[in-house]
Amino acid sequence: MAYAPQLRLYNTLTRMKEEFSPLDADNVRMYVCGPTVYDFAHIGNARPVIVFDVLFRLLRHVYGAEHVTYARNITDVDDKINARAARDYPDLAFNEAIRRVTESTNAQFQADVTALGNLQPSVQPRATEHMDEMRAMIDRLVKLGVAYVAEDHVLFSPSAMNERKGPRYGALARRSLDEMLAGARVDVASYKRDEMDFVLWKPSKEGEPGWSSPAGIAVLGRPGWHIECSAMSMAKLLEPFGGGLKCDDPLKNQFDIHGGGIDLVFPHHENEIAQSCCAFGTERMANIWMHNGFLQVEGQKMSKSLGNFITIRDVLNEGLPQLGVWDDVDARDRWIGLAARLSMLQTHYREPINWTAQRLAESADELHRWYGLLRDRKFTVPETLTAVGEVVEALSDDLNSWTAITALRKAFKARDITGLGEGMALLGLLDPHFVMAEDIPVFAKAEVDHQAIEARIAERLRFINEKNWAEADRIRDELLQEGVQLKDGKDPATGERTTSWDVVG
């Protein structure tokens with residue numbers, strides 16, 4: 001276990017920043033809600049992937065990679081998938097059409113989030129692989145009296161849950177049943193005992209995918225969205241460590257961290273807690289619940305109707321048009337992906353984020369400067385990160401990525417390549433290919449002496465501070481004649497004047 005300051009994380013459940021103490025330091029466990037694979041992931045979907053990848057890296061650094069399990073699910077059973085399959089493959093058998101939609105969409109998602117610099121989670125369970133666990137949990141909930149069968153559906157009753165000892169329904173959202181009912185889009189159905197009851201299982205219509213049903217229901221059916229995550233987290237984070245439905249030890253039926261976007265607090269995460277806590281008789285499903293904030297695009301809510309709906313693939317294909325065409329398309333995707341990652345990490349994960357083309361371009365410029373220094377000094381990635389103290393300290397304070405990036409800027413300014421490179425690695429911003437390879441277009445436009453250019457830029461900044469504009473302009477013009485274009489700006493952290501440069505022509 002590496003030394004680190006006490007990790008403190010904001011817990012949505014308690015609305016407090018809490019010291020993180022894993023249930024078992026040898027088996028730290030985290031679950032994050034993943035994609036429903038029916039369409040390309042949009043740029044808002046990228047945010048939780050990046051946020052919890054940084055947390056995954058931090059936990060691995062502190063507790064050891066072999067002691068951390070990160071599960072991110074794949075939802076491959078959903079009405080939206082069915083609709084997309086019917087639209088895109090009308091001539092195929094329905095199950096084959098669904099398979100094509102889910103396989104191709106998942107493959108695209110994996111490629112896109114990898115380009116953003118993310119590690120693969122430890123496990124990525126698919127809903128279709130865990131029907132047995134879902135049926136078993138539903139049977140348990142019916143037996144306990146918090147779920148019931150009606151017209152071949154199985155429904156969970158929040159009011160029945162609140163009549164039992166244990167956690168209250170609504171504790172995560174901090175709302176009463178009446179408040180949740182008033183603010184929710186509730187499916188009205190005659191077979192419900194109460195409007196707030198939600199579906200655990202529903203019958204499949206003819207031609208739709210279906211599986212053997214729980215609770216003695218004779219017709220084929222499929223699960224509701226919420227039970228899928230309860231079952232998959234049980235399968236990957238409880239059962240392998242001695243927990244599950246056969247275990248009556250409450251501590252073995254909890255895990256450490258559950259994450260996702262703020263939009264999932266209600267109803268999805270509220271319903272997960274209800275199902276899991278009732279099934280296992282626990283006070284908590286996960287000890288800490290973390291949620292990232294919303295994303296806007298150029299100051300507006302992202303929406304297809306506004307014409308500002310941007311997928312991750314759109315960003316990778318078109319986000320930095322000034323890069324031109326690269327022979328190595330995969331490397332180009334990764335370069336833009338790292339710029340997108342840096343852009344997102346400049347906003348604290350719990351705050352709303354404003355995605356802009358300008359910030360993406362500025363992040364790419366900053367990466368260019370950082371990698372330029374690492375390339376000049378022949379930085380090599382060590383097996384163990386030992387010079388990441390300031391970055392770890394920042395991230396240990398509720399993933400304060402802005403302060404962590406400020407530490408990287410400080411290391412760059414001091415020409416501390418070890419602190420810069422290792423800190424970039426911990427944040428997922430370091431791709432060794434861009435340090436070592438000779439044929440990277442953004443670095444291979446011309447052979448230039450980086451140190452000499454930086455020295456002349458420093459001299460120019462001195463002239464600017466002295467208000468000697470003629471000499472400052474002379475250096476700028478000389479560099480441009482040599483194929484080096486300067487771009488003036490301000491350090492986002494300090495407000496100091498900065499100058500970046502690029503090789504042109």
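Glycine is treated like the rest: Cβ placed from N, Cα and C.
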Of Cys33, Cys247, which does Swiss-Prot put in the Zn(2+) site with Cys229, His268, Glu272? Cys33
What range among 221-225, 301-305, 491-495 does Swiss-Prot record as motif ''KMSKS' region'? 301-305
Swiss-Prot tags one of 35-45, 343-353, 475-485 as motif ''HIGH' region' - which one? 35-45
Quick one: Cα separation, Cys33 (Zn(2+) binding site) versus Lys304 (ATP binding site), in Å? 23
List, in sequence order, the residues of the same chain other than Cys33, Cys229, His268, Glu272 whose Cβ lies within 8 Å of the centroid of the Cβ atoms of the recorded Zn(2+) site. Trp225, His226, Glu228, Ser230, His258, Gly260, Leu264, His269, Asn271
Number of Cβ atoms other than its own within 10 Å, given for Glu272 (Zn(2+) binding site): 26
Can you tell me how far the Cα of Lys304 (ATP binding site) sits from the Cα of His268 (Zn(2+) binding site), in Å? 24
For the motif ''KMSKS' region' (301-305), the number of residues DSSP places in helix, strand and coil: 0 helix, 1 strand, 4 coil
List every residue in the same chain as Cys229 (Zn(2+) binding site), at least 6 positions away in sequence, whose Cβ is under 8 Å from its Cβ. Tyr31, Cys33, Asn73, His268, Glu272
